[in-house]
C-alpha cells in the first residue's frame, strides 16, 4: 500500500518541470498521477522544487492546519507551484483543468520521525 509520504510525492511533487500556466500540463499530470480515477480531484497543487527542499519545510514555521491540527509547517521562502483546478464544465471521466502558476509559501502537514510531508494544506 502507498504510504502517506509516497502519496504526497505522487500528488504534489514535480521537481523536474517549471511551473506552468498551461492547462495541458494539468490535464496531463492529473491523469498521469492517478488523480482522475473514479472521480476528478477538484483542486491539486504541484510543487516545482526539490524533494529535499520540500521535506525541509517540516522543520520551518509551525502553523495550525486548516482542520485545526498543529502539525502543519509553512515554508520560509516562496516556492514555484502550479495550481490545477477542475473547470466548471468538465465532468468525470473527461476531467479538465485550468492551471495557474504561482510563487507562494507552501503549508504542509508533516508526520513521522524524521518528519516528512504527508498532506498539502495551503499556499499563502
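The backbone N, Cα and C atoms fix where each Cβ goes, glycine too.
Summarising the annotation, Swiss-Prot assigns compositional bias 'Basic and acidic residues' to 1-15. For 1-24, the entry in Swiss-Prot reads region 'Disordered'. Annotated substrate binding site per Swiss-Prot: 7, 10, 41, 42, 43, 44, 45, 66, 85, in sequence order, evidence recorded as similarity to another entry. Among the features that Swiss-Prot reports, active site, proton acceptor is placed at 12, with the record citing similarity to another entry. Residues annotated as N-linked glycosylation site in Swiss-Prot: 21, 34, 76. Per Swiss-Prot, the feature disulfide bond maps to 26-84, 40-95, 58-110, 65-72; the stated evidence is experimental evidence. The active site, proton donor annotation in Swiss-Prot covers 119, and the record cites similarity to another entry as its basis.
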Minimum Cα separation from residue 84 (disulfide bond), reported as the residue among recorded positions 41, 43, 58, 110 that achieves it: 43
Assigned conformation of residue 58 (disulfide bond) - DSSP reduced to three states: helix
DSSP-derived helix, strand and coil totals, residue by residue, for the compositional bias 'Basic and acidic residues' (1-15): 9 helix, 1 strand, 5 coil
Cα separation, residue 95 (disulfide bond) to residue 119 (active site, proton donor) (Å, whole number): 22
Integer Å distance between the CA atoms belonging to residue 12 (active site, proton acceptor) and residue 45 (substrate binding site): 6
Among 26, 43, 72 [recorded positions], residue with fewest other Cβ within 10 Å: 43
For the recorded positions 21, 34, 45, 76, the one whose C-beta sees the most other C-beta atoms within 10 angstroms: 45
CB within-chain contacts under 8 A for residue 58 (disulfide bond), separation at least 6: 73, 108, 110, 114, 115, 116, 117
CB within-chain contacts under 8 A for residue 95 (disulfide bond), separation at least 6: 27, 30, 31, 36, 40, 41, 86
